[in-house]
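Trainee: So that we are looking at the same thing, I have put the structure below in structure tokens.
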Amino acid sequence: MGTYFMIPHRTSTTIKKPVYLLCSMMFFWYLFDAVISYITPLIITEKGFSNTAMGIILGTSSIGGALFDFFLCKTFKNTTYRRVFAIMFALCIGYPLFLYHSQTAGMFIIAMIIWGIYFDLKNVGIFDFVARATPQKEFTENFGLIQIFETLGYLIAPILIGFLTLGAVAWQSYFIGWIFLFFSLLFFIIMLRRREKNIHEIQQDPPKRSIFLELYLWKKCIKILSPVLLLVLFLYVSESFFWTIGPIFAEQLLTQHPLGGFFMAAHTFPSLLVGWFVGKLTQKYGKKHTAFWALFLGSFILALLHLTQNPVLIVLQIFASSFFIAMSFPAINGAFADYIRETLQYEKEIEGIQDFYTNIGFIIGPMMAGFLSDHIGIAPAFSLLGVIGCIVSIILLSITPKKIRVIIKETRTSLKKI
């Protein structure tokens, strides 16, 4: 199937940087979600649940998101980023209310599933917007910009909510989150009006597919995209690994040196820096190779962490490691946007599979972090994560073809059988 009529075509009146509207909208959305991420564990433990139970409950958000990814292909087959974001905002408005009234484990699990679904919708909306509304050569640069605003949101909100609420989860916490969400919604409305005025999109409904055909397409897409999906899986295992035991390690380092408490900041801050130039690197070296080599360099530095004893040097080492690994995120996201742009008939399948592997990473990472830190210690656990990262990157550099094309033969006979 040709893709010409499924791709937005620009006229000379198109705004030069529509992605800035998206970044503005997502900045306030990330502030909202960071507030929610900050208060949710506190709320669950305040209801009498242990930390172990709290971790299991939080993990269901990723399990729910992973299951939703497959049905996403069926439910949102004819939907663009406009409707995806609209549904996302509706769930975001209702989630804090549901969370506030949750008392039992069952209610909290339902709340986590809602959380996982709207987070997945956010990812799908961003991918769809970038693929439809921005030039292909700017994909990696745009994902880098989005990553910058994401990092800012997740850096600012926890500090702000901590000062304003003084650690107590009261109605003010929810109110602050809704304020951020309100401003995000305003930018969404502005973005819709600007896009509607300046872009002419010719809509073409994709073919309706049975659940068995969706399973067939997922199998084929996973086989074709297996190298980049392995990278996505490891990146999010690593990210959730850091957020599971990183704060505990930071508290330990803080008792040894005041700067030791900046452990998580050293992990997060590099994302603000790499987003400005990673696009130029991918244009010169390619998206996949940039992501693979960045992962190798960052993992190699991380693998040496257990040899370092000084808290300040540990923080600097984490900064250097995270600096390289942070390049992999926008680079590989840009590659996925390429695949979507080239084969829009499989857009929802590619988006769903990418997000499915993201959710699996967020399920495996916390379990892996907790198990390893209990048995070999936190610093050695991070070093082992680095060793695994080096192995994964070497394998990917060895097996990944220079060009990946999502080409699936769908003969009429085979599709009728399915």
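Placement of Cβ uses the backbone N, Cα and C atoms for every residue, glycine included.
Annotations per TrEMBL:
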- 18-404: domain 'Major facilitator superfamily (MFS) profile' (DOMAIN)
- 20-40: transmembrane segment (TRANSMEM)
- 52-72: transmembrane segment (TRANSMEM)
- 84-101: transmembrane segment (TRANSMEM)
- 107-131: transmembrane segment (TRANSMEM)
- 143-169: transmembrane segment (TRANSMEM)
- 175-192: transmembrane segment (TRANSMEM)
- 228-250: transmembrane segment (TRANSMEM)
- 262-279: transmembrane segment (TRANSMEM)
- 291-308: transmembrane segment (TRANSMEM)
- 314-336: transmembrane segment (TRANSMEM)
- 356-372: transmembrane segment (TRANSMEM)
- 378-399: transmembrane segment (TRANSMEM)
Trainee: Count the CB pairs under 8 A between the transmembrane segment (378-399) and each of 84-101, 107-131, 228-250, 314-336, then give me the winner.
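Mentor: Per the Cβ count, the answer is 228-250.
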Trainee: Could you pull out which residues elsewhere in the chain have a CB under 8 Å from any CB of the transmembrane segment (107-131), counting only those six or more residues past its ends?
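Mentor: Cβ under 8 Å, 6 or more out: 19, 22, 26, 29, 33, 36, 40, 44, 47, 49, 57-58, 60-66, 68-69, 72, 76, 80-81, 84-85, 87-88, 91-92, 94-95, 98-99, 101, 139, 142-143, 146, 333, 336-337, 340-341, 344, 347-348, 351-352, 354-355, 358-359.
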Trainee: Give the nonlocal contacts of the transmembrane segment (84-101) in its own chain as ranges (CB under 8 Å, at least six residues past its ends).
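Mentor: The answer is 29, 32, 36, 40, 43, 76, 107-108, 110-111, 114-115, 117-118, 121-122, 124-125, 128, 174, 177-178, 181, 184-185, 188.
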